[in-house]
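Marked as FAD binding site by Swiss-Prot on the basis of similarity to another entry: G9, A10, G11, V12, S13, E32, L40, W41, N61, S62. What Swiss-Prot records for T60, N61, S195, G196, C197, D198 is NADP(+) binding site, and it gives similarity to another entry as the kind of evidence. The phosphoserine annotation in Swiss-Prot covers S401 and rests on similarity to another entry. Residues or ranges marked as transmembrane segment by Swiss-Prot: 510-530.
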Amino acid sequence: MGKKVAIIGAGVSGLASIRSCLEEGLEPTCFEKSNDIGGLWKFSDHAEEGRASIYKSVFTNSSKEMMCFPDFPYPDDFPNFMHNSKIQEYLTAFAKEKSLLKYIQFKTFVSSVNKRPDFATTGQWDVTTERDGKRESAVFDAVMVCSGHHVYPNLPKESFPGLNHFKGKCFHSRDYKEPGVFKGKRVLVVGLGNSGCDIATELSHTAEQVVISSRSGSWVMSRVWDNGYPWDMVLITRFGTFLKNNLPTAISDWLYMKQMNARFKHENYGLMPLNGVLRKEPVFNDELPACILCGIVSVKPNVKKFTETSAIFEDGTTFEGIDCVIFATGYSYTYTFLDESIIKNRNNEIILFKGVFPPLLEKSTIAVIGFVQSLGAAIPTVDLQSRWAARVIKGTCTLPSMEDMMNDINEKMERKHKWYGKSETLQTDYIVYMDELSSFIGVKPNIPWLFLTDPKLAMEVYFGPCSPYQFRLVGPGKWPGARNAILTQWDRSLKPLQTRVVGRLQKPCFFFHWLKPFAIPILLIAVFLGLT
């Protein structure tokens, strides 16, 4: 076998990393704190220290055709947006199919990862683990950090004057599991992210009253998009990305605002982001607008201060008789087992080349997998990250110099601040990022060549959904079934809907979807020219 690689965590990122190491002839050992795979997607009735935690009703925000491993589609009958138990079922099937379980040491806690004294020449690491009260250390040639960034809750109590006097319950959203215990209660949810909106809408059916407090607002999107298709299969396309990144800023901003307000006017619902043209990651919630319309959820600005039983908001209004405050305020980015000098933090910005490699080490033998966010799905992202990292560790791919990596990081961060704002340092442009990683590995689809040699496939690749299968079409790790998977992705998407067949299946034409916003301006210009 090849170099020994320690993989920390057996969630989505960890499984992808084990598989990528095996593809490159490396020797992986995965350490998992719990007794099962799945990470974030493994539901537990109670939140465990040092592990990601989800509530019982969590569903995916990405559809199944956009969030699979590129050579392992979901079963045809799986719904497009899946309950967490379905994801766990899929990950278990993937791990068994790829024979990954034998490389995982369960119930093993990684307490420290340190450079060896000769790191500058060997790039090796001392990894210390604990299991059943026993402490062990081992030497590894490389480390892949796959422990996620939804572990340590951010609970900024000091930002809310008077909270220490509040007499009701107060906790972070990671401790929320199900709505039954809140029957008849008055609940304040602080934070307008995915968790905050999910919890608020779920509680609205059992609680007496639910209020969401938001400091800066958010775009709220539905999973169901034009003509009832999954949102990401309509919007995440290469053609759409080309338009977004090449149109004049004013037109691009107009298109973005029109897209975000397609379902309802955010201003009317008190949800409009403070800076609407920033491409901050939207919230996905199909119920929130209806809950606001029905009066069972209200949206308020930031909390100015708390009293013993109420919250006073920045607009002077008050929510009285609060029984419980749930802080859906995100997570802190930290790796307790690593020295701070290894993965540096600058103004809430983790310094990593392409979101994976610390740029200032003598040897690039540690990689962070899964530490980016985008409108795209996590599984195909970590698949590409881990494939690239494994090839760098093996020596097949090389990284630029420290100076070039830092210049790239600084340039990308300036662009991120422009597009997403300074608070969204993990955010990235999905297709642009995936194409960068795939070009490093040699698996990026050659679109012009596809149009010449396989126009049917090229049309689907460029104008259709940028699905994960595209990154197993060519190059290392090529999957023979990738072409067919792309051409049949709509069939699998529509299959679970056909429980009552009433006509021929209708597949969308996405070229016209992107031209639709320009139809009225073009028509008006034509009328004007005709009149003159």
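Just so you know, glycine gets a Cβ as well, placed from its N, Cα and C.
Calculated from their C-alpha atoms, the gap between L40 (FAD binding site) and T60 (NADP(+) binding site) amounts to 12 Å. For the binding-site residues S13, T60, counting C-beta atoms within 10 A of each C-beta gives the highest total at S13. Taking CA atoms as the reference points, D198 (NADP(+) binding site) and S13 (FAD binding site) are 24 Å apart.
Per Cα geometry, S13 is the residue among the binding-site residues G9, S13, T60, N61, S195 nearest to the residue listed as 'phosphoserine'. A simple way to gauge crowding: the CB of C197 (NADP(+) binding site) has 26 other CB atoms within 10 angstroms, across all the protein chains here. Neighbour list (G196 (NADP(+) binding site), Cβ cut-off 8 Å, at least 6 residues apart, same chain): S173, V189, V190, I212, I326, A328. Summary for the binding-site residues G9, G11: the Cβ-based neighbour count within 10 Å is maximal at G9. Taking Cβ-Cβ distances under 8 Å and a sequence gap of 6 or more within the same chain, the neighbours of S195 (NADP(+) binding site) are Y55, S173, Y176, A328. Annotation for the recorded positions N61, S401: lowest Cβ count within 10 Å of the residue's own Cβ, S401. Neighbour count (other Cβ atoms within 10 Å of the Cβ, all protein chains): 25 for D198 (NADP(+) binding site). When the record's NADP(+)-binding residues T60, N61, S195, G196, C197, D198 are compared pairwise by CA position, the greatest distance found is 15 Å. Take G9, A10, G11, V12, S13, E32, L40, W41, N61, S62, the residues named in the record as contacts for FAD: the widest Cα to Cα gap among them comes to 26 Å.
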